Amino acid sequence: MGEHPSPGPAVAACAEAERIEELEPEAEEQLPAAPEDHWKVLFDQFDPGNTGYISTGKFRSLLESHSSKLDPHKKEVLLALADSHADGQICYHDFISLMSNKRSNSFRQAILQGNRRLSSKALLEEKGLSLSQRLIRHVAYETLPREIDRKWYYDSYTCCPPPWFMITVTLLEVAFFLYNGVSLGQFVLQVTHPRYLKNSLVYHPQLRAQAWRYLTYIFMHAGIEHLGLNVVLQLLVGVPLEMVHGATRIGLVYVAGVVAGSLAVSVADMTAPVVGSSGGVYALVSAHLANIVMNWSGMKCQFKLLRMAVALICMSMEFGRAVWLRFHPSAYPPCPHPSFVAHLGGVAVGITLGVVVLRNYEQRLQDQSLWWIFVAMYTVFVLFAVFWNIFAYTLLDLKLPPPP
């Protein structure tokens with residue numbers, strides 16, 4: 001420990017800004033071929049309690065004692081990382097992400113250049129913020145567990161592009177619901193209308209060869225009570241997540257949940273149709289809740305226990321409604337009402353693929369081993385479901401309801 005050296009990362013970076021526009025691959029190749037376990041052993045020497053955190057003073061000691069093994073630019077980034085932590089602690093997750101180059105170049109360069117926000121006090125201590133700045137800060141604390149990520153997001157977010165994916169999907173769902181409600185003359189429990197299943201967007205087991213139905217069923221809802229909760233959850237959870245992680249990642253989790261939901265129904269509830277966006281919604285919400293639980297001490301959102309309880313109650317009520325409707329006497333026998341299994345498919349995607357996405361803000365997913373494990377699991381499930389839909393219905397000699 002002793003006195004902290006004055007590395008001056010901002011000054012050094014500005015002087016060499018052009019040369020390090022990206023942290024040069026050549027420089028990174030100079031690092032020793034030390035596996036992640038090697039750095040874990042060194043980190044644990046300063047963290048005997050295995051808390052995952054060490055003080056910035058100990059962190060500097062670690063860097064100085066192994067400075068000969070580090071590329072100068074890498075060392076400079078890590079010293080800037082120490083300067084950026086107002087709470088006086090360094091997280092092992094941040095350390096190993098930078099050492100293994102799993103962080104994006106833009107993130108590492110921002111730290112190296114002594115970014116204004118990254119080297120300032122905690123975001124909650126900032127005063128005189130505009131309404132838009134307070135909103136961005138609120139989103140950061142709602143979704144990100146590490147202060148360094150929150151500061152980087154707050155300083156770099158430009159609302160360009162805006163969270164268009166979740167807003168567009170929500171508007172389309174509302175538009176299709178209103179159109180369907182007018183054409184059927186029914187808005188509450190639309191699903192009980194005799195002509196409801198005739199819509200070409202609904203997934204129906206007899207029409208499972210029409211591949212678009214595995215996705216387009218999200219634009220059909222059982223009624224305004226079904227649509228209402230899904231829209232609220234999409235806007236309250238999905239939009240902030242998209243603001244932080246981007247449309248590509250959040251759209252991927254959402255669509256994966258939707259497809260997994262319809263495929264899960266085709267495997268586990270083979271005679272039932274599917275409607276509603278609950279597969280995608282439950283993927284996002286379950287991923288977000290799981291991320292909060294796994295990073296409980298780092299998440300600084302207000303009343304998080306109460307809000308988690310409210311979210312779980314709402315999800316349970318919606319799931320209970322879906323189970324009740326599934327076994328309620330059908331309005332179009334012998335075809336049953338829509339299945340509830342899509343909810344479970346969405347949850348499965350959320351706690352696997354979704355969690356990996358949310359836990360790796362500004363980090364390359366292709367460098368995360370868990371990402372590839374869960375992608376492989378999802379691919380195996382999709383292939384299994386496809387073959388199941390091709391062969392199982394015939395082999396089991398299952399009697400399906402007639403097409404609508």
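Every residue, even glycine, has its Cβ placed from backbone N, Cα and C.
Those TrEMBL annotations? Automatic predictions, nothing curated.
The feature domain 'EF-hand' is assigned by TrEMBL to 34-69.
Residues or ranges marked as transmembrane segment by TrEMBL: 250-268 (among others).
Per TrEMBL, transmembrane segment is recorded for 274-293 (among others).
If you look up TrEMBL, you'll see SER278 marked as active site, nucleophile. Annotation for SER278 (active site, nucleophile): spatial neighbours HIS226, ASN230, GLY261, GLU318, ALA322, ALA342, HIS343, GLY346, criterion Cβ-Cβ under 8 Å with sequence separation of six or more.
The transmembrane segment annotation in TrEMBL covers 305-327 (among others).
Residues annotated as transmembrane segment in TrEMBL: 339-358 (among others).
Around the Cβ of HIS343 (active site), 25 further Cβ atoms fall within 10 Å across all displayed protein chains. Taken from TrEMBL, the feature active site covers HIS343.
Residues annotated as transmembrane segment in TrEMBL: 370-396 (among others).
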- What else in the chain is close to the transmembrane segment (250-268), if you only count residues 6 or more beyond its ends and a Cβ gap under 8 Å? 165-166, 169, 203, 205, 208, 213-215, 217-218, 238, 241-242, 274, 277-284, 287, 339, 341-346, 348-350, 353-354, 357, 378, 381-382, 384-386, 388-389, 392
- Message: Are there residues at least six beyond either end of the transmembrane segment (339-358) with Cβ under 8 Å to its Cβ atoms? List them, or say none.
- Response: 143, 241, 245, 249-250, 252-253, 256-258, 260-265, 268-269, 272-274, 276, 278-288, 290-291, 294, 318-319, 322-323, 325-326, 365, 368, 370-371, 374-375, 377-378
- Task: Give residue numbers and ranges for long-range contacts of the transmembrane segment (305-327): same chain, 6 or more residues beyond its ends, CB-CB under 8 A.
- Result: 191, 222, 225-226, 229-230, 233, 237, 269, 272, 276, 278, 282, 285, 289, 292-293, 336-340, 343
- Query: Cβ under 8 Å to the transmembrane segment (370-396), counting only same-chain residues 6 or more beyond its ends: which ones?
  - Reply: 205, 208, 256, 259-260, 263-264, 266-267, 270, 349, 352-353, 356, 360
